[in-house]
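Asker: Input: one structure, supplied below.
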């Protein structure tokens, strides 16, 4: 049966748009963007950020959605059709999405833990009178290395019970273990029916966070000192624009936030109707994603201004990178707000919604790709797709258990550093090469015209051909030059742990050369003919449709010409053919 014709589609096109928004808008919008803005000159960061959105984010998202919708396949088959030589990029994107979904759900686990803890009066991180607090605990922010805030100690000593380093594994945190199980149950219930169930969930998970963000903003701007925080956020330090790092950070933030290279949006767009208006979805997803980042910046920095007013220290001393921003600094702000429990519950429920739709998008990549490749075998083994989805979620849950041990924060940091920073840039580079240069801008425009009746305009064609490949190459080179080993706060991972990190990174990157070797191995002809065929779109598909005797060997059929020109072969071989 032709799976393309029987492929399910979204019940309504708005469901894909909302799912795309939910996939792109995630926890990184709430903590990563405000931090980069603070570190890179406040409002000055918005200049390169918005420029990179226009010349990098929108064109590459448009490219991925066109490929997914036209091929009606997940990233593995889509990339194999586009450029057989680089089919490993599709496999690598599935691998990286699966690795990320393992530890990303741990962040959702933390959000659930804080959500449950918020139904207490006073909030458990509101004072230092708890059993887990140390004598050095303080309720005020401080730069001293000899003291720590109540919210820091709740995060470290109550929730994580973290050990001194990766060498000391500790025990399983059973509370976090059960909450991780609950998180995976929620993910399963969101996606077990495929796009039919996902399409209904995103109405809530994609839209409700905006209600909470706006409510938090209205509350925060009325607090004393809020204006100082907002001023810090938006007033530019123009000299920062002279730094190459600021521009690279802006491009990387656009890249990681929208999710170029992860395969999630390509997989989701494969369930679109063939004639869907891809450009409309591209603009909606990318613009709303950036709008959310800026809105979250106002929410975060207005709260920082309030804390700065209360404690008499500069706003710049409050901002913390990574999870610390939303699990240490912001909870500390709640502790001093009127009706603290209400705002804490709303904030962590918002984090849950933001995390869920990004998480099930990553899981959906794995499910879609495996079903595309092994549909009949999987249905034969699991009988129903729902049971296969359950198996994928179960395996990811088991692999995530080290992250909920007392050593978990170090495992989390190691996986995040070598996946989100190292691997994704290699994937992005080869994906752009495969689609923009090997497949070609003209073919991509032809596909778009076949679907929508209109070709890509000159702006998108220039971005695909020159601007995007150039920028991605610069980001990759800069990432390699500026690479630093993984660390957590002041703790530097030992060499053996860094080695494990590189194994995690290679778990996705290795598929790119392996895919190229396999393609060259299975294609017929001399090495020169193999290479020529390997960059011909759909060469592998054409070859797989041919009887065995027509794929090369001693047969004198001009197989190269057949595959390249799609000539229809006779059903029977010549009588004199020698097998």
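Each residue, glycine too, has its Cβ placed from N, Cα and C.
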Asker: Of the residue ranges 316-341, 342-367, 524-549, which one carries the transmembrane segment annotation in TrEMBL?
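Answerer: The range carrying the transmembrane segment annotation in TrEMBL is 342-367.
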Asker: Which residues of the chain, 6 or more past the ends of the transmembrane segment (16-34), have a CB below 8 A from one of its CBs?
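Answerer: Counting only partners 6 or more residues beyond its ends, the transmembrane segment (16-34) has Cβ contacts under 8 Å with 10, 107, 195, 198-199, 202-203, 205-207, 209, 233, 253, 256-259, 264-265, 268-269, 271-272, 276, 281, 284-286, 288-289, 292-294, 296-297, 300-301, 319, 321-323, 325-326, 351, 354-358, 361.
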Asker: Most CB pairs under 8 Å with the transmembrane segment (283-307): which of 46-67, 342-367, 418-437?
Answerer: 46-67
Asker: Counting all other Cβ atoms within 10 Å across every protein chain shown, which of the binding-site residues 257, 358 scores highest?
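Answerer: When each Cβ's neighbours within 10 Å are tallied, 358 leads.
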Asker: Please work out the number of neighbouring Cβ atoms within 10 Å of the Cβ of residue 22 (Na(+) binding site), leaving out its own Cβ.
Answerer: 28
Asker: Any idea what the Cα distance is from residue 25 (Na(+) binding site) over to residue 137 (disulfide bond), rounded to a whole Å?
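Answerer: Spelling it out, the Cα of residue 25 (Na(+) binding site) and the Cα of residue 137 (disulfide bond) are 35 Å apart.
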Asker: Where the distance is taken from Cα to Cα, which of the binding-site residues 22, 257, 354, 358 turns out closest to residue 137 (disulfide bond)?
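Answerer: If we rank 22, 257, 354, 358 by Cα distance to residue 137 (disulfide bond), first place goes to 354.
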